[in-house]
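Copied over from Swiss-Prot, here are the features:
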ACT_SITE  Ser103  active site, nucleophile
ACT_SITE  His128  active site
Amino acid sequence: MSPIMDALVPMVVEQTSRGERSYDIYSRLLKERVIFLTGQVEDHMANLVVAQLLFLESENPDKDIFLYINSPGGSVTAGMSIYDTMQFIKPNVSTVCMGQACSMGAFLLAGGAAGKRYVLPNSRVMIHQPLGGFQGQASDIQIHAQEILTIKQKLNNLLAEHTGQPLEVIERDTDRDNFMSAEQAVEYGIVDAVLSHRGA
């Protein structure tokens, strides 16, 4: 976060038996097993999310973790480090889309624990094929193009597994940017339900 954004993060003061204790709002929510994945998916952000997932597993391996996503997407390798950790750890990771989950954000949303993937009513979800850019010698460009196709196949297979859609449907629907409303994301199988109100 930038210094300006750091200054804008609210602090929460708690009374304890030893006096007052103050936390930034994200640290306080981490105590409630809530992690925020916001903005571009990149290596630094992915490392922070992975560290929080591992920490919460060590705190209580049997209690669900809640991952709130508002992301336009980003790096496939950074996203896969988060995805693999979500699948690896013992606690179920419940995913919640607020705002948008596009590209790798949508993939991580779908990768939450089955039956525990949610979207807020006015959020949007977008899936597409991975993007890549490379310049250099023709032979190196060919190597990188083949790697992008391999990654595309892997992501499509995993998305088919998490959504229950046939692979050929995933391949067709990710060929171009494919935007979905909250209800369409439920119908497609990326999430399990639209959350409009917190339960009583």
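In case you wondered, yes, glycine gets a Cβ from its N, Cα and C as well.
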Just checking, which of Ser103, His128 (active-site residues) has the fewest C-beta atoms within 10 Å of its C-beta?
His128
Work out how many Å separate the residue listed as 'active site, nucleophile' and His128 (active site) at their Cα atoms, rounded off.
6
If H, G and I count as helix, E and B as strand, and all else as coil, what does DSSP give for the residue listed as 'active site, nucleophile'?
coil
